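> Mind looking over this structure? Questions follow.
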Amino acid sequence: MIDLKSISKIYGQKKVVNDVSVSIAKGKVTSFIGPNGAGKSTLLSMVTRLLDQDSGDVLLEGENILQAPSDKLAKKIAILKQSNNLDLKITVRELISFGRFPYSRGRLTQKDHEIIDEAISYMELEQFEERYIDELSGGQRQRVYIAMTIAQDTEYIFLDEPLNNLDMKHSVQIMQILRRLVRERNKTIIIVIHDINFASCYSDNIVAMKDGEVVISGSKDDVIRKEILEDIYEMDINIECIYGQQICVYFDEHQDASVDDFIEDQAQVQIRA
Amino acid sequence: MLDRKNNRLLLILTAITLLIGGFYILYQLNFNILYYQLPSRLNRVATMLIVGTAIAVSTVIFQTITKNRILTPSIMGLDSVYLFIQTLIVFIVGTQSSLLTNGFINYVISMLALVAFTVLVFRYLFKLTGSHVFLLLLIGIILGTFFSSLSSFMQMLINPDDFLILQSSMFASFNAINESLIWITGTIVLLLLIIVLRDFHSLDVIALGRDHAINLGINYDRKVSQLLLIIAVLVSVSTALVGPIMFLGLLVVNLAHQIFKTFKHRYLLIGSTLISMITLLIGQMLTQYVFKQAIEISVIINLVGGVYFIILMLKESRR
């Protein structure tokens, strides 16, 4: 369990994160949602010690993470940030091997190699193993980084927009793998995600943020509600239940007349056909 | 697979280094003046080994920290400070002073000043700038320009004869190096090298960038400030020993990247050290036997390095 106790971050005059207190349950997928600039990524960076907070504490199972030695912490929590461009001559397997650094300090054992193999097959990267990462597409590279995080084998995994650069198929694949990690290995997964339907379909808990503050934090069913989402995103959102999943249908009802005409025309054409 | 190839390349480079080194020591050895010639050549080779190692290692680490392959530690302004010190000595006490003519005293003064500058600027500013390496380097550039402007101002004022003497310290030279200085510098470089090599795996992790390094358990800010200090001391001692020769670093580290095609510091550190040895030996032989001491070795290295630098930039811009 991770407890955030009144965390704040101030840049100049602006409070990017303002007095946030949230608990993150163990063994669940927790999603952070909210519009751009809500402070989700900043919060994630502070929880994972990449960024110092101006006030407040982060408690990892009761222990303040800033007091824990960094190398021990690397066996407990893993963080993957959104922009990952490396200008290094490094192969997929070598990069994934870095996930084992907290355990072996660069001298890989037989067990490390087994875990690396496992992470590679988990992310279905066998065919790319010996390729250099600058030869891969953005989506493939993203999967390599996630594999590295899996190889790190931590109880807590933080992912900042893991679906960036991914098409639908691979987005679904990643989310299913995250669920599998929770189910099979009892991992705790915390993601920042923009697509609220992915958040709705694959998370246990959701934390919604706006303007640096937590609007609501609770189970998926508590958060995926019309009034709440409309308030956060300041637009019209309808929630439909499709195949037992709550799906948000979002489009602005007060639209440009010419756009409305266009949509109507399209509908006419379809009816005629 | 790749590692085996790189290991073989390291062996080949070692063999070439030994061959050229041996050739340099034995070439046209005159047995009548053996007692003079041999120690003098051995001293030069030892100096090249020390300086080559210091420059190569400091440049590799520096480029890893800054994630930039066309920077060298000279951007920290140490060369300018060195020249400033030399100019200041000539300006205030003149060319006859033992501060300039006595190699040992000059070395100690230069080294102390450089290390003091580094510790003051980099230790202190690193905290002040909130561990932003690039902000720090920007300050380094400004200070470097400041000191070189001061130097050229003083150089305008001193008389031309003094300037000629001063000019000899503006270029690196491997001739007539005091033996005890070789021992002192060698010890310092060796100690720092041991510190670096004991933990070279974490250099690989630092190359991934700050976020990944912290995620993998590196105490990034402390480690980087420690490495910057090591770099600064390496550059300081080698500059105090032979003079400014930072272009060498750019040349050899990029050659090492091209030859080894890896991110692993085991290969980059050792490889670039060997390449810098080879470059220095060839450069020294050219100055000694082809140009008959008419030009200094750093002129040759700057020329080759400069051409390589331009090629590198053209290639990078085409990507």
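Cβ atoms are placed via backbone N, Cα and C, with glycine included.
Keep in mind the model is a prediction, meaning the values are calculated, not measured.
Sequence annotations record features per position, and here TrEMBL assigns transmembrane segment to B:9-27, B:47-65, B:77-98, B:104-126, B:133-158, B:180-200, B:227-253, B:265-282, B:294-314.
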> Count, for each of B:9-27, B:77-98, B:104-126, B:180-200, the Cβ pairs lying under 8 Å from the transmembrane segment (B:47-65), and report the range with the highest count.
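Comparing B:9-27, B:77-98, B:104-126, B:180-200 against the transmembrane segment (B:47-65), the winner is B:180-200.
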> State the residues, same chain only, that lie 6 or more residues beyond the ends of the transmembrane segment (B:227-253) and have a CB under 8 A from a CB inside it; answer 'none' if no residue qualifies.
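Result: 47, 50-52, 54-63, 65, 69-70, 72-74, 76, 78-79, 82-83, 106-107, 110-111, 114-115, 118-119, 122-123, 126, 133, 136, 169-174, 177, 181-182, 185, 188-189, 192, 195-196, 203, 206, 268, 272, 275-276, 279-280, 297-298, 301-302, 304-306, 308-309.
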> Hey, which bits of the same chain come close to the transmembrane segment (B:180-200), Cβ under 8 Å, at least six residues off its ends?
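Contacts with the transmembrane segment (B:180-200): 43, 46-47, 50, 53-54, 57, 61, 103-104, 107, 227, 230, 233-234, 237-238, 240-241, 265-266, 269.
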> With pairs 6 or more apart in sequence, are the transmembrane segment (B:77-98) and the transmembrane segment (B:133-158) linked by at least 3 Cβ pairs under 8 Å?
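Taking Cβ pairs at least 6 residues apart, the transmembrane segment (B:133-158) and the transmembrane segment (B:77-98) are in contact, with 3 or more under 8 Å.
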> Taking pairs 6 or more apart in sequence, does the count of Cβ pairs under 8 Å between the transmembrane segment (B:133-158) and the transmembrane segment (B:104-126) hit 3 or more?
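Yes, the stretches contact each other.
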> Where else in the chain does the transmembrane segment (B:265-282) make close Cβ contacts, counting only residues six or more beyond its ends and a cut-off under 8 Å?
6, 9-10, 13-14, 16-17, 20-21, 24, 45, 48-49, 51-53, 55-57, 59-60, 64, 174, 196-197, 200-201, 203-204, 207, 248-249, 251-253, 255-257, 259, 297, 301, 304
